[in-house]
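S.K.: Residues annotated as domain 'ABC transporter' in Swiss-Prot, with sequence analysis given as evidence: 2-190. Taken from Swiss-Prot, the feature ATP binding site applies to G29, A30, N31, G32, C33, G34, K35, S36, supported by sequence analysis.
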Amino acid sequence: MLSLHQLQFKNLFDLNITFLPSSITYIKGANGCGKSSLLRMIAGIMQPSSGHIYYRNCNINNIAKLYCTYIGHNLGLKSEMTVFENLKFWSEIYNSAATVYAAIHYFKLHDLLDKKCYSLSSGMQKIVAIARLIACQSDLWLLDEVETNLSKENRALLNNLIVMKANSGGIVLLSSHLESSIKSAQILRID
């Protein structure tokens, strides 16, 4: 369970909301309304102006940041490392090295494993970053505009992965300007 209590940020929003396990929520709103900031606060990267964020009844300021996997505008890839090295790096942080090959297989990355990430197109870099969702075992996914610039096939793979995460008890929060294609998703408007 993820709970936001009187969460405020620069007069952009004031939230009291709880996200239950097995939920998918799209965060919608105009540009500059605080969607990315909200996700960064939940990830523990930014601090709110006031209020508290609890994950499994613990204040996120008091727990290790491994409770979530956050993918934002900065994809978190090491450009000089190969695709395989990047996935292995992240999976080892989360103590889930065995999941690297599942990520490679799911996104069909076999032919790219030895390529340096800087040599990939921006769309393929994003897929490698998204593959971290499989390689890093966390129950809370925070995805900031990850659907942007994905091919139709890769967007379908991502949506399927999101639904599988929710079906296994995970919580997924996404910001997106695109129309939600996941019918079971809730919409949170913060504009």
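Each position is counted from 1, following the chain as shown.
Each Cβ is built from the backbone N, Cα and C atoms, and glycine gets one as well.
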S.K.: Any idea what DSSP makes of K35 (ATP binding site), helix, strand or coil?
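M.R.: The residue in question, K35 (ATP binding site), is helix (DSSP, three-state).
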S.K.: Check each residue in the chain of G29 (ATP binding site) that is at least six apart in sequence and keep those whose C-beta is under 8 Å from its C-beta; list them in sequence order.
M.R.: K35, R189, I190, D191
S.K.: Quick one: among the binding-site residues G32, C33, G34, which has the most Cβ atoms sitting within 10 Å of its own Cβ?
M.R.: G34
S.K.: I want to check the contact list for A30 (ATP binding site): same chain, sequence separation of six or more, C-beta distance under 8 angstroms. What comes out?
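M.R.: In sequence order, D191 meet the Cβ cut-off.
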S.K.: Applying a 10 Å Cβ distance cut-off over all chains shown, what neighbour count does N31 (ATP binding site) have?
M.R.: 8
S.K.: Judged by the number of other CB atoms within 10 angstroms, which among K35, S36 is the least packed of the binding-site residues?
M.R.: S36
